[in-house]
Each structure stands twice: as structure tokens, then as C-alpha cells.
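*Asks:* As listed in Swiss-Prot for this protein:
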TRANSMEM  12-32  transmembrane segment
DOMAIN    95-304  domain 'ABC transmembrane type-1'
TRANSMEM  101-121  transmembrane segment
TRANSMEM  135-155  transmembrane segment
TRANSMEM  177-197  transmembrane segment
TRANSMEM  237-257  transmembrane segment
TRANSMEM  286-306  transmembrane segment
């Protein structure tokens, strides 16, 4: 098992290297000169050129890439033009907000989505099944920002149940933390609940059509045991794989949600950096999110091999 884990981690290293190179090259394609941004309006050409030399922007792209990868190897993501602090520090300060939002949304998505999918499979072609499929369609057709704005107007402005913006750290007030995140987390989860329910329903229906399920029913096994012990247990392996993909989507979806609810997380940091053309922050945040997605996929892959030992021999 240890060898398998090491193999999966080793396979992720070149992927991370490719992510790093693509992130660097993408930033080079963006308009604007960081030296002019740092120098400010009205700076002389000599000042701008001096800053370009200090930043190494006068070097060929290949040299800049090599230097950036070397700094990255030493956990140096550069320094923010806008915040006047190391990019790694800016990310570390805002990471707990994004992780809290994604984990809370994940905690809502998984049980609700799985239960809805199982019930929809059991009540196939019923009104509940139709409702679940409609929710899945809603998740891919309705923009998240539109639904988030409606939720703020209804639950925050009109009813006053939840705060419309802001974040309370968990250590300061667990209840305040929950109140500040429950609404954005619910909106974020809503789009994934339908997807997970549809996936669970599909896997359950496929398993329930197998011969061993018919055999169990013919032997008089209760329907509850058939669903929980036989059908769901076998369908859960595929659902586990999807859960990692869902968590990655929740991290990515937090960019819009954090902006609407004024949550000081990585998503809002990225948007502010893009608007201010703070390239080191944009570069560092995108790279960190890319590495995070790769790490999540590796973790899910390892859990998948634990849940289904047959994969180890493929």
C-alpha cells in the first residue's frame, strides 16, 4: 500500500510542474507592465527601467521561468505590489476562509446529495425522481452569482436571518462563524447537490439491475437491506471518486461566492489582484489552487484504491 501511495505522489510531481509552467506562461500573456504598475503614474522611463532590471523583467522569458521555478522550489512566490507583503503570507491569511466555506458546503452536499440520489433511484419515475433531475438541470443552467444575489435579498435584506457580508473566525465565535458562512455555503452546495444526486441515482440504478440484487430480493431480503447493504455499498465507490471532483468545484466556485458575500478568502484575493493587475498575487494564487486540485485528486485516488482493492492490481 505504501508503494502505491508513493507511486501516486510521484505521478503528481510532473503534473504540478506542468501546472507551474503553464501558470507562468499565462501570466506573461496578460497585458500590462508590472514595472509601470510599481513605479506609478508619471514615473520617468529611467525609473521604470530600473524597476524592470530589479525584477528581472529585462531577462529572456526562459531565464525568468527558470528563476521563478527556483524561487518556487524554495517556497518563494514573490511579493505583492498591492499589499506590500509576501504572496505566500497573503495566501496563508485567506486560506482558512476558503477552506471553511468549501468544507461547510461539502458537508451539506455529500449527505443531502447521496440521500436524494438513493431515494430517487428507489422511487424511479416518481415526482421525487423528476424533482431531483430538475435540480440537477438547475445546477448547470442557473448562474451562481444570480442565485447568490437573490439569496442575499431574501434571507439577509428582507428576512434578516443571516448577515449579508463579512466573516467571523471560528475561534472568535463558532456560532458567528456558522452564521457568516451558512448562506454562501448553502448556495455553493446547491449547484453540486443536484449533480451528486444524479450521479448517485445513476450508479444505484445500474447496481440495482444486477443479478445479485434480484437474487437477494428473491431470497426475501428486506428492501432496506437490499438498498443499504448491497446496492448502496457497491455504488459508493463511484460516488467517492466524484466527491473529490465536487470538492474541487466547490473551491473553484468560491471565487464568485466570496466576492458577493465579501468573504476575505482566496477567491476574493484573486479577483482583487486581477483588477489591480497584481501579477505576483494572481500567479501565486492560481498556482496554489492548481496544486490544491492536484493534491485533492491524488488523495481521492488513494482513497479509491483503499475502497476498491481491485484497482491496486490494474
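Note: Cβ is positioned from N, Cα and C throughout, glycine not excepted.
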*Asks:* Is the count of Cβ pairs under 8 Å between the transmembrane segment (135-155) and the transmembrane segment (286-306), pairs 6 or more apart in sequence, 3 or more?
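*Replies:* In this chain the transmembrane segment (135-155) does not contact the transmembrane segment (286-306) - fewer than 3 Cβ pairs sit under 8 Å.
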*Asks:* Out of 12-32, 101-121, 237-257, 286-306, which stretch has the largest tally of CB pairs under 8 angstroms to the transmembrane segment (177-197)?
*Replies:* 101-121
*Asks:* Between the transmembrane segment (101-121) and the transmembrane segment (286-306), are there three or more CB pairs that fall under 8 A, provided the residues in each pair are separated by 6 or more in sequence?
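*Replies:* Stretch pair does not touch.
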